[in-house]
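Down below is the structure, laid out as structure tokens.
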Ligand code: PMT
């Protein structure tokens, strides 16, 4: 499963280090070449020799111990890896990564590598729950780092709870899945828009909507998983950047338009999941607008319809829009398909339970050219995104 794959295992110091030895064994049995770097604390739990025997490779722990004078070890290891796995990852190692520290071999290599980094934490249940640890994990999610959640059970400290390093078999299975997954969008560039836009009224107020970005981020994550070069153009939301995705942050409809046009020529597929404002204030006040007696009227002007503009400029791109509707869903969706010159419109009935804005689940019907229609029942947005992109990929790129 992992033949010819190079896995760099970074081991930090907790009792779960003994399981990391078994992990090297499992990864090697699956065909991977494994190299190991240990922190000084990890060496307190298990001798480097155990990892050396299991991996049949030198074990690294000292940044200044250059075993081969023709290369610089920490750069060489960083470049060598197809995937870097930090297991077990202690609270301290996670904090160092979140703050970009490079004060030992492990943290320095983690800064130098461009390979995907996966982190498998292991620690006491209260440490895992600590706000600082959560904050650091959040920050690493934002940096596109993938986490293998610890499992629940008896912990070495005597507590029962979440904090056990995931089992070596399971970690090996996840790593293998990463490499063997079907990548039908390899070589394609996918641009996804997500979230709401904000249209400023004055320095302290704006118009927006309830989009959380979940559906758009799920589409971007799925596109990257299917092998696409993925650009996510996101309105203001508080979601981490999915692994392997490049995010461009925007605020207003106008900024989103400019960002999308900047990526459009080289895009193969554009998915417009964002809930873009149709109107913005005709003028933005330079100072905070003071309240007065009686009612106030805000003059609004139309924003550019980005999807429609992309439809007019379309050459080779496949163009997919979403439609959030509360009534006459099919009629309005088909109308948008025509009017905006899209190839597909994915319609949400946002009045339905568990679907639409801010839910973790969604239910949609896809409308395409030639009366194409396919309904998807309520399911998690992540699973739905994979199904939607698989459908579009099969119809458009697998010809
Ligand atoms: O973000 P979540 O909380 O997960 O919610 C997901 C969602 C409900 C926002 C998403 O599934 C969805 O339906 N997105 C489209 C919402 C929408 O704005 O629909 P619309 O019918 O107003 O627009 C139709 C299409 O035109 C959309 O692809 C939209 O991006 C695009 N549009 C709209 C206006 C505009 N000025 N420019 C556009 O490109």
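For all residues, glycine too, the Cβ spot is worked out from N, Cα and C.
In TrEMBL, annotation is done automatically, which means it is predicted and not curated.
As given in TrEMBL:
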- 157: active site, proton donor (ACT_SITE)
- 278, 288, 322, 336, 340: CTP binding site (BINDING)
- 6-176: domain 'Flavoprotein' (DOMAIN)
- 185-393: domain 'DNA/pantothenate metabolism flavoprotein C-terminal' (DOMAIN)
- 1-189: region 'Phosphopantothenoylcysteine decarboxylase' (REGION)
- 190-399: region 'Phosphopantothenate--cysteine ligase' (REGION)
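Sequence features, as recorded in TrEMBL, placed on the structure.
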{"residue": "157", "record": "active site, proton donor", "DSSP class": "coil"}
{"residue": "278", "record": "CTP binding site", "DSSP class": "coil"}
{"residue": "288", "record": "CTP binding site", "DSSP class": "coil"}
{"residue": "322", "record": "CTP binding site", "DSSP class": "strand"}
{"residue": "336", "record": "CTP binding site", "DSSP class": "helix"}
Whole-number Å distance separating the Cα atoms of residue 288 (CTP binding site) and the residue listed as 'active site, proton donor' is 55
Argmin Cα dist to residue 157 (active site, proton donor) over the binding-site residues 278, 322, 336, 340 returns 322
Same chain, |i - j| six or more, Cβ under 8 Å of residue 336 (CTP binding site); the result in sequence order is 307, 321, 323, 342, 345
Confidence over the domain 'Flavoprotein' (6-176), expressed as mean pLDDT on the 0 to 100 scale, is 94
Span of 278, 288, 322, 336, 340 as binders of CTP, largest Cα separation rounded to whole Å, comes out at 37
For residue 288 (CTP binding site), the number of neighbouring Cβ atoms whose distance to its own Cβ is within 10 Å equals 11
Sparsest Cβ environment (other Cβ within 10 Å) among recorded positions 157, 322 belongs to 157
Top of the binding-site residues 278, 340 by count of other CB atoms within 10 A is 340
